[in-house]
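According to Swiss-Prot, the protein carries these features:
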MOD_RES   Ser29  phosphoserine
REGION    34-60  region 'Disordered'
COMPBIAS  39-55  compositional bias 'Polar residues'
MOD_RES   Tyr49  phosphotyrosine
MOD_RES   Ser50  phosphoserine
MOD_RES   Ser56  phosphoserine
MOD_RES   Ser58  phosphoserine
MOD_RES   Lys142  N6-acetyllysine
DISULFID  Cys183-Cys214  disulfide bond
DISULFID  Cys193-Cys204  disulfide bond
MOTIF     204-214  motif 'Cx9C motif 2'
Amino acid sequence: MGGTASTRRVTFEADENENITVVKGIRLSENVIDRMKETSPSGPKSQRYSGTYGASVSDEELKRRVAEELALEQAKKESENQKRLKQSKELDAEKAFANEQLTRAILRERISNEEERAKAKHLAKQLEEKDRVIKKQDAFYKEQLARLEERSSEFYKVTTEQYQKAAEEVEAKFKRYEYHPVCADLQAQILQCYRQNTQQTLSCSALASQYMRCVNQAKQSTLEKGG
């Protein structure tokens with residue numbers, strides 16, 4: 001009796017999900033049950049639920065088959081897990097690559113914007129420098145013009161004083177003679193010009209030159225007659 005393996009009839013029962021069968025307290029999937037029935041020497045394959053599995057199956061044989069099927073199921077799950085892990089790694093790699101490309105694009109855009117800002121800043125600095133130079137030149141020209149106007153005014157003043165002095169000398173020397181102002185027309189024109197151009201006396205320089213020539217000629221003529 002000890003050398004004979006014990007046998008018993010095994011019953012398959014479907015649970016509420018209709019795709020899981022309980023074998024001696026072990027929950028097996030429908031795929032596992034189908035494969036066990038395919039290798040079983042008993043009964044048609046269509047017998048699935050609420051039936052008897054085989055005529056007699058020993059505990060050792062049942063355990064072996066269940067262990068094999070469970071090992072296959074575990075290997076299948078591990079294979080699927082490996083596939084999912086591989087897909088997850090590939091997806092992570094693609095995401096990392098996309099993020100790297102996006103980061104590079106953002107950096108290039110920032111560099112481009114910084115270069116544009118640097119160019120604009122440099123151009124603004126150049127314009128400021130040009131404006132400073134122009135203002136400096138304008139101030140220089142205004143200063144030179146003011147000096148010329150001042151010199152012209154002084155020249156006219158000195159010339160007028162010299163003329164008055166010469167006229168007084170001539171008048172004192174020739175009191176008996178009646179005389180008329182020399183170059184009176186030009187003198188009147190010059191006086192009117194300076195009144196009208198108090199801020200731009202340089203514009204009267206042409207009249208002043210004519211007046212000086214006229215005065216010198218009159219003076220020379222008077223001296224020659226007196227000599």
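Each residue, glycine too, has its Cβ placed from N, Cα and C.
Averaged over the motif 'Cx9C motif 2' (204-214), the predicted model has a pLDDT of 85. In this structure, the C-alpha atom of Cys183 (disulfide bond) lies 15 angstrom from that of Cys193 (disulfide bond). Note: the Cα of Cys193 (disulfide bond) and the Cα of the residue listed as 'N6-acetyllysine' are spaced 21 Å from each other. Put simply, Ser58 (phosphoserine) is 154 Å from Cys214 (disulfide bond) when counted between their Cα atoms. DSSP assigns Cys204 (disulfide bond) to a helix.
Lys142 (N6-acetyllysine) is 124 Å away from Ser58 (phosphoserine) when you measure Cα to Cα. For the pair Lys142 (N6-acetyllysine) and Cys204 (disulfide bond), the Cα-Cα distance reads 18 Å.
Less than 8 angstroms from the CB of Cys204 (disulfide bond) sit Ser152, Tyr156, Ile190, Cys193, Tyr194, Asn197, each of them six or more residues away in the same chain. The least crowded of the recorded positions Lys142, Cys183, judged by other CB atoms within 10 A of its own CB, is Lys142.
For Cys214 (disulfide bond), other Cβ atoms within 10 Å of its Cβ number 17.
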